[in-house]
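**Q** Structure incoming, see below.
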Amino acid sequence: MESGNGSAVTEFVLIGFSGFGSFRGPLFWGVLCIYLITLLGNSLIIFLTLADSALHSPMYFFLRHFSLVEVLYTTTIVPRMLADLLSSCPTIPRASCFTQLYFFALFGITECCLLTAMAYDRYAAICRPLHYPTLMNQAACVGMVGASYLMGVITGTTHSIFIFTLPFHGANTVHHFLCDILPVLRLVSGSPFWGEVGNLAVTVAFILTPFSLIVISYACILATIFGVATSQGRRKVFSTCSSHLFVVMLFFGTGTVAYMKPQAGSFRDMDQILAVFYTVVTPMLNPFIYTLRNKEVTGAMRRLMKRYLWSP
């Protein structure tokens, strides 16, 4: 579907699920179940890190905000996705598309920054334990979290406004199930060169740079733990860091492939598969990763259940 001869686009048509046919119903229920599990799991993490005093440490302070951003991030995408799965011709007004892209960029960049802050926390705890109380005091933790949100707001605002000030005339069919940056840029009238340059700059600044800092942090951690005398000490460090490292690989792995691969039409199906993974599946997996692989969180869950379910 295209808008009339060169007229300004006022709404977009999302055709990401147009080829699913009879599978749209099962996909709707599958996505709905995943979304509910995501909300429940991340809300549980938030509640546990607030309610249990044993989890009142910088690591779980960052984890609490990361879970909150995960809830907001997936809520930006999934409710609209569910509505579109039930619609024969899903359309989205231009203003709503701008809003979705804005919050998608805001929360995505905030997550990148929070994961970097969590890596620095692990570096400080393992590589500089004597200075840890000073490096990761309350003011420093609040400052890092505040800076993460601020970078998300600034970048999401500037990038979204810049994209939607570009001319959109004629084509209004988005080959995706959400208003992601790259599918929207493909509809820009004329050459989208400056939009692609801006997207590349954001990708380098908020995907490659944070990922590089995380890699450096874990290189320092590995160098430190190989100097630990006992294998028990190494296992304890690996147990502490493994959950965060697994989430980093999931989040940055899919993000790097999605935004750094060649932008050709033959890759559109891969765009959508990757987007389903990092917008729907990964937020659901994070609570399981942090609960099943973390003894402190599972211990907090047992104490909570004992306090509220089994006590007289």
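Every residue gets a Cβ built from N, Cα and C, even glycine.
Pasting the relevant annotations from TrEMBL:
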TRANSMEM  27-50  transmembrane segment
DOMAIN    41-290  domain 'G-protein coupled receptors family 1 profile'
TRANSMEM  62-82  transmembrane segment
TRANSMEM  102-120  transmembrane segment
TRANSMEM  141-164  transmembrane segment
TRANSMEM  200-229  transmembrane segment
TRANSMEM  241-260  transmembrane segment
TRANSMEM  272-292  transmembrane segment
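Quick one: how deep are these features, and who are their neighbours?
**A** Long-range Cβ contacts of the transmembrane segment (27-50) within its own chain (Cβ-Cβ under 8 Å, at least 6 residues beyond either end) map to 17, 20, 56, 60-61, 63-64, 67-68, 70-71, 74-75, 78-79, 81-82, 85-86, 280-281, 283-284, 286-288, 290-291, 297, 300-301, 304.
Here the transmembrane segment (102-120) has long-range neighbours at 59, 62-63, 65-66, 69-70, 72-73, 76-77, 144-145, 147-149, 151-153, 155-157, 159-160, 178-181, 202, 206-207, 210, 213-214, 217-218, 244, 247-248, 251-252, 255, meaning same-chain residues at least 6 beyond its ends whose C-beta is under 8 angstroms from one of its own.
Sequence-distant contacts of the transmembrane segment (141-164), counting only residues of its own chain at least 6 positions beyond either end whose CB sits under 8 Å from a CB of the stretch, comprise 58, 61-62, 65, 94, 98, 101-110, 113-114, 117, 120, 181, 184-185, 195, 198-199, 202, 205-206.
Nonlocal intrachain contacts for the transmembrane segment (241-260), taken as residues 6+ away from its ends with a CB within less than 8 angstroms of a stretch CB, comprise 108, 111-112, 115, 118-119, 122, 126, 181-182, 199, 203, 207-208, 210-211, 214, 218, 221, 271, 274-275, 277-278, 282, 285-286, 289-290, 293-294.
Remote same-chain partners of the transmembrane segment (272-292), defined as residues 6 or more beyond its termini with a Cβ less than 8 Å from a stretch Cβ, comprise 16, 31, 34-35, 37-38, 41-42, 44-45, 63, 66-67, 70-71, 73-74, 77-78, 81, 176-178, 180, 243, 246-247, 250-251, 254-255, 257-258, 298, 301.
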**Q** Against which stretches of its own chain does the transmembrane segment (62-82) lie, if we need a Cβ under 8 Å and a gap of at least six residues from its ends?
**A** 28, 31-32, 35, 38-39, 42-43, 45-46, 49-50, 92, 100, 103-104, 107-108, 110-111, 114-115, 117-118, 121, 141, 144-145, 148, 177-178, 279-280, 283, 286-287, 290
**Q** Which sequence positions outside the transmembrane segment (200-229), separated from its termini by at least 6 residues, show Cβ-Cβ distances below 8 Å to it?
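**A** Counting only partners 6 or more residues beyond its ends, the transmembrane segment (200-229) has Cβ contacts under 8 Å with 105, 108-109, 112-113, 115-116, 119-120, 122-123, 126-127, 151, 155, 159, 237-238, 241, 245, 248, 252, 255-256, 259-260.
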